[in-house]
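Inspection log for the structure reproduced underneath, given as structure tokens.
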Amino acid sequence: MAHLDSEVKEECLREDLKFYFMNPCEKFRARQQIPWKLCLQILKIVMVTTQLVRFGLSNQLVVAFKEENAAAFKHLFLKGYSGTDEDDYSCSVYTQEDAYESIFFAINQYHRLRNISLGTLGYGESEGNRIGLKVCKQHYKKGTMFPSNETLNIDSDIKIDCIHLDLQALSQSSQDWKNSSFFSLEFYRLLQVEISFQLKGIDLQTIHSRELPDCYVFQNTITFDNNAHSGKIKIYFDSDANIEECKDLTISGSIQKNTQYVLVFDAFVIVICLASLILCTRSIVLALRLRKRFLNFFLEKYKRQVCDADQWEFVNGWYVLVITSDLMTVIGSVLKMEIKAKNLTNYNLCSILLGTSTLFVWVGVIRYLGYFQAYNVLILTMQASLPKVLRFCACAGMIYLGYTFCGWIVLGPYHNKFQNLNTVAECLFSLVNGDDMYATFAHIQQKSLLVWLFSRLYLYSFISLFIYMILSLFIALITDSYDTIKKYQQNGFPVTDLQEFLKESSSKEKCQKESSAFLSRVCCLRSAGGKSAVLTATEMALSKGDRGWTAPQNCQKHAVKLQIISRSDDHLILVN
């Protein structure tokens with residue numbers, strides 16, 4: 001009896017394992033179970049993509065408004081701005097007169113803003129709820145310098161002086177504040193001058209897309225950098241735009257109604273993602289329970305542990321991807337609803353969450369394409385090559401970092417692409433892909449013959465090593481994995497313990513089907529009047545026991561009763 005219970009448990013486990021590893025179509029054919037997760041994923045793809053497109057169009061308006069205002073501010077407040085930044089700074093001056101004129105020009109433009117600006121701008125409140133601009137200068141505390149005599153006496157302590165110019169002070173005669181001792185600059189001690197002020201604006205272009213407008217606060221800073229004391233003062237302009245809730249919005253028309261529809265749509269997306277999250281979490285929990293059953297059964301019957309590869313078969317990575325995507329979509333949708341209602345203004349975080357979740361949703365479509373052998377090659381090749389590729393990249397990365405540090409320290413002073421570690425890494429990565437090679441060679445300054453020769457040796461060795469050797473090996477790893485997968489698809493994949501266990505179930509089912517089909521032929525051969533039928537023993541697949549020939553158990557359970565009236569080594573004669 002215990003043996004029969006063990007066989008029943010084993011057969012139930014096989015059936016559950018077979019059903020778990022079926023695709024949605026096979027599950028529907030096996031048990032007529034509707035693939036709810038599949039239908040829900042298809043609906044979710046449509047909903048999430050639609051939501052992302054709508055939010056992307058809205059976010060483009062926000063980014064465009066910020067960038068256009070930043071460009072307008074540079075033209076308004078920087079004297080002689082050409083429209084194109086010089087490297088990482090906006091423009092530069094080379095004489096004391098130009099420095100004074102640039103500082104006074106920015107202050108005067110701030111005072112005349114309402115009369116000259118084309119945008120919907122107004123003055124904002126700075127520190128201490130005061131409207132105006134703040135001018136600060138940093139300089140060494142004291143010192144004397146005589147370059148002709150090569151003498152210098154500097155106190156390295158830095159002193160910061162600030163002055164606040166409100167609209168009332170600016171409305172007076174400009175000579176009053178220009179002649180102030182504050183603006184008497186000693187350039188050999190001066191480190192930098194910083195002008196900061198706030199402006200407010202309203203983005204009216206969102207009205208055309210039937211959305212409520214946003215109110216912005218621009219924190220602008222103009223920095224005159226003289227830290228190098230090289231005779232060149234670099235002028236930096238930085239504009240930090242923050243979205244704030246508008247205090248009083250009165251807009252007639254259909255904008256409010258359209259906002260409600262969008263909020264309802266976002267709420268429906270949240271419901272869909274929560275349903276997908278629950279179903280996928282449930283599937284993972286059931287899979288872990290099934291894994292535990294299989295591990296316990298395998299340990300009891302075969303007295304050994306299941307290999308790690310078979311254990312990981314129960315952890316469906318696609319479900320983990322879907323759950324991650326659903327969580328990000330839910331959080332992003334909540335933020336989007338708050339942004340739409342003008343309670344939050346964090347567009348960047350919301351766009352990252354929604355964009356990444358949509359990426360995961362579309363990557364998850366590969367799972368369903370993987371049910372077809374022609375499309376499954378990509379997934380299998382990525383799975384097979386990923387461990388080897390990661391190990392290879394770890395080794396190649398050490399060489400890459402070595403070239404990065406070497407290029408930065410040696411070529412940094414002579415080449416603009418090697419001035420910091422970030423740009424060096426980007427430059428070398430572009431060289432690996434064959435981009436911008438000639439420009440990288442040509443831009444090296446030939447002031448030092450030794451550095452010029454080193455740069456040639458450095459670049460030639462890096463390009464030869466990474467393009468001809470490392471990149472070729474990288475491609476060879478993936479090609480080798482692809483060839484292996486193609487051979488497996490033709491000759492069969494290696495059989496694991498789990499697959500062998502399921503294979504036994506398939507063999508038993510095939511045998512049972514053959515026995516059932518043969519028994520039907522036996523039944524058809526018997527005559528209505530009790531005629532006998534002669535059949536070969538090999539065709540019946542009977543088993544020979546101690547007491548002679550006995551029918552299989554499946555045959556004994558059949559409704560037709562058979563009697564053995566004669567037996568020989570080759571034939572049995574059966575009658576009804």
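A Cβ is built for glycine as well, from the same backbone N, Cα and C atoms used for every other residue.
Predicted automatically and left uncurated, TrEMBL annotations should be read as such.
According to TrEMBL, the features are:
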DOMAIN    62-247  domain 'Mucolipin extracytosolic'
TRANSMEM  261-288  transmembrane segment
TRANSMEM  318-335  transmembrane segment
TRANSMEM  347-369  transmembrane segment
DOMAIN    348-485  domain 'Polycystin cation channel PKD1/PKD2'
TRANSMEM  389-411  transmembrane segment
TRANSMEM  457-478  transmembrane segment
Number of helical, extended and coil residues in the domain 'Polycystin cation channel PKD1/PKD2' (348-485), per DSSP: 121 helix, 0 strand, 17 coil
Candidate ranges 261-288, 318-335, 347-369, 457-478 - greatest C-beta contact count to the transmembrane segment (389-411) (under 8 angstroms): 457-478
Leading stretch by Cβ pairs under 8 Å, where the reference is the transmembrane segment (261-288) and the options are 318-335, 347-369, 457-478: 318-335
Contacting positions for the transmembrane segment (457-478) when only residues 6+ beyond its ends and CB under 8 Å are counted: 381, 385, 388-389, 392-393, 396, 399-400, 403, 406-407, 410-411, 428, 431-432, 434, 437, 440-441
